[in-house]
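Asks: Here you go, one structure.
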Amino acid sequence: MDLTHAAKPRNILYFIFHSLPLALFAYVAYLAQPGSSVFSWHPPIMTLAFAVLMMEAICIFTHDLGLLPEKAKGWKVTAHWFLQSLGLFAAGFGFIAVYYNKDLFSKPHFVSWHAWIGLATIGMTILQVGMGLGTKHAYWYRYFIKPVRIKNSHLALGIVTLFLSCSSLILGSASAWFQRESNASFAYVFMAVCILVHWLAALNTLSTHKKRLLGKAGED
Ligand code: HEM
């Protein structure tokens, strides 16, 4: 059987998934010049946290996009929580930067869609990290709740978190700051890349765990 053609689309998507978010991060960092002001940390750190680190963390288990396809499940679990924790830590730093910056200039907090959806994204991410801990140790309380239910809930909330993260990034790129600093057409490129990468992550996660979600598999 000729596998060359079958492997091609997967390789292109794999390349897109792992390189475009890094390009977004580099572009936003170039615009913001981290360190030039308190605010300058917020856009690049948030892009790094949600479009790079958490995206890699989520897709580590997927068949087509995972960074460690040859490694055993234990390795993937460790890489997943490590990258996810790093992402949450970065997001906390990015949030403190924008919050403190508003205090510095006596500006009101949470007065835009981006701010509210962003807050919901951070809240949901914290909840997901808690759910992740519950999932990792689901075996401890298996007599009260089936581990597969906890795993499926973690996955379902993960998809909601992906939707929120994509919305926050898109709203960030629609902000007055981005529109002022960036070439207008790059805002559309930023949005398109965010949608593509989040969509790929959601689709691959759902298809990788399809059997478990439909109750047709053991507890993988
Ligand atoms: C998922 C990623 C992101 C999250 C969770 C997030 C979260 C937030 C939050 C909660 C605030 C409000 C802080 C306050 O009112 O005290 C905020 C403000 C802001 N963010 Fe983000 N952010 C993200 C990404 C971005 C990106 C990529 C940009 C720029 C390209 C950006 C630009 C801004 C700007 C300009 C403000 C101040 C104006 C406003 O409150 O709307 N953010 N962000």
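Don't overthink the numbers, they just go from 1 along the chain as shown.
Glycine is no exception: its Cβ is also placed from the backbone N, Cα and C atoms.
TrEMBL labels come from automatic prediction, so no person has curated them.
Features from TrEMBL:
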DOMAIN    6-209  domain 'Cytochrome b561'
TRANSMEM  12-33  transmembrane segment
TRANSMEM  45-69  transmembrane segment
TRANSMEM  81-101  transmembrane segment
TRANSMEM  113-134  transmembrane segment
TRANSMEM  155-178  transmembrane segment
TRANSMEM  184-206  transmembrane segment
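Each of these features: where is it, how hidden is it, and who are its neighbours?
Replies: Taken together, the residues of the domain 'Cytochrome b561' (6-209) have an average pLDDT of 94.
Only residues 6 or more beyond the boundaries of the transmembrane segment (12-33), in the same chain, are considered here, and those with a CB under 8 A from a CB of the stretch are 39-44, 47-48, 51-52, 55-56, 59, 64-65, 67, 178, 181-182, 186, 190, 193-194, 196-197, 200-201.
Using a Cβ-Cβ cut-off under 8 Å and counting only residues 6 or more beyond its ends in the same chain, the transmembrane segment (81-101) has close neighbours at 37-39, 41-42, 45-46, 48-50, 53-54, 56-58, 60, 109, 118, 122, 125-126, 128-129, 132, 136.
The list of residues near the transmembrane segment (113-134) in space but at least 6 beyond its ends in sequence, with Cβ under 8 angstroms from a Cβ of it, reads 46, 50, 54, 80-81, 84-85, 87-88, 91-92, 95, 150, 153-154, 157-158, 160-161, 164-165, 167-168, 171-172, 174-175.
Residues 31, 39, 43, 46-47, 50-51, 54, 58, 112-114, 117-118, 120-121, 124-125, 127-128, 131, 187, 190-191, 194-195, 198, 201-202, 205-206, 209, 213 of the same chain sit 6 or more residues outside the transmembrane segment (155-178) yet have a Cβ under 8 Å from a Cβ within it.
Among residues of the same chain six or more beyond the transmembrane segment (184-206), those with a C-beta under 8 A of the stretch's C-beta atoms are 13, 16-17, 20-21, 23-24, 27-28, 51, 55, 58-59, 61-65, 155, 158-159, 162-163, 165-166, 169-170, 173-174, 178, 213.
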